[in-house]
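Asker: There's a structure below that I have some questions on.
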Amino acid sequence: MQTSLFEFANVLITAVKEASYSISKFKEEVEIKYKSDGSEVTQVDTQSQQIIFSIIKNKYPTINIIGEEDVENGIPDNQLPTITQLSFGSLENKIININDIIIYVDPLDGTDCYTHKQYDSVCVLVGVTYKGKPMIGIVSKPFYNNEITFAIENYISSISLQPLNDKIIFVCSKKNDIQHLIKSFPDPYEVKYKGGSGAKMMAIIHQEADIYYHPLIQSCTWDTLAAQVILEAQGGIVCDIYGNPLCYPSSKKESMRHKKGVLCLSPRAKKYLPYMLSISKTILL
């Protein structure tokens, strides 16, 4: 099966938009459960994933979608939305093969932030690889007017950028503070704390931060791919902490975790890649 790039992108954007809207409008009491790895999951996560899967699978029944949660379709066809029709500037509307596509879905990134009402760290993340390479990234912030940011190859949607800080800004969670690792950083810096992998990477995309260093076997494919496509289209770097490309397996039968951690650098922070890699020489993952 084949489709045009523009049609495919519009289906994905519609799916993210609808899922994001469902999160922002959820009014029932949130029920928290715990997965085998100890992470939280709620009915809001599963509802969001059902919406995304239903919209995409209705159009492309055989497509390979890997979602964080263990649910798939669930929305009746007669309740599916009309697909949005955006144009993408001078981007070539090429024909793509569905069999060469893998979609990675995090229906609610930052679930623990969501349950603690830290809504600025909540995102919906949908990323796509084509023939094994990152191709499309779509990120929505449900509690910021369902703001959607996306990149298709090197085409980037409109992004609000913050004024650059005089210091280099590191972003991490308080739980996984990295201050002890970067004491010898060569220039003035500051550490800001934020939850959610997607929110940390989006902070770099919006110029609120410069470096995200995560030297743990914790982040998964669906946590990183969407924002990776956007950040790389801006000219930034996304890799593991040793400088290798992040891996995106084709099946949940393989580990979805990034076993060598995650490192993200803004365009202006790329010059610090050698320094960050030197830190990683002391860390065994």
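Each Cβ is built from the backbone N, Cα and C atoms, and glycine gets one as well.
Found this in Swiss-Prot, in case it helps:
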BINDING   E68, D106, L108  Mg(2+) 1 binding site
BINDING   E68  Mg(2+) 3 binding site
BINDING   D106, D109, D223  Mg(2+) 2 binding site
BINDING   D109, G110, T111, S173, G195, S197, K200  1D-myo-inositol 1,4-bisphosphate binding site
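Show me how these features fit into the shown structure, please.
Answerer: Mapped onto three states, the DSSP output places E68 (Mg(2+) 1 binding site) in coil.
On its own chain, E68 (Mg(2+) 1 binding site) has D45, Q49, V105, D106, P107, C220, W222 as residues at least 6 apart in sequence with a Cβ closer than 8 Å to its own Cβ.
D223 (Mg(2+) 2 binding site) carries a helical DSSP state (H, G or I).
Just so you know, the Cβ of S173 (1D-myo-inositol 1,4-bisphosphate binding site) picks up 18 other Cβ atoms within 10 Å once every protein chain is counted.
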Asker: List, in sequence order, the same-chain residues at least six positions removed whose CB sits under 8 Å from that of D223 (Mg(2+) 2 binding site)?
Answerer: D106, D109, L125, S197, G198
Asker: Using C-alpha atoms only, work out the spacing between S173 (1D-myo-inositol 1,4-bisphosphate binding site) and L108 (Mg(2+) 1 binding site) and round it to an integer in Å.
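Answerer: With the alpha carbons as reference points, the distance is 17 Å.
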Asker: With an 8 Å cut-off on Cβ-Cβ distance and a minimum sequence separation of at least 6, pull the same-chain contacts of K200 (1D-myo-inositol 1,4-bisphosphate binding site), or say none.
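Answerer: For K200 (1D-myo-inositol 1,4-bisphosphate binding site), the qualifying residues are V171, C172, S173, K194, A209, Y212, C264.
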Asker: Take the mean position of the Cβ atoms of E68, D106, L108, the recorded Mg(2+) 1 site. Which other residues of that chain put their Cβ within 8 Å of it?
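Answerer: For the Mg(2+) 1 site, the extra neighbours are D45, S48, Q49, G67, E69, V105, P107, D109, T111, V124, L125, W222, D223.
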Asker: Counting Cβ atoms within 10 Å of each candidate's own Cβ, which of the binding-site residues T111, S197 comes out highest?
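Answerer: The most densely surrounded of these binding-site residues is S197.
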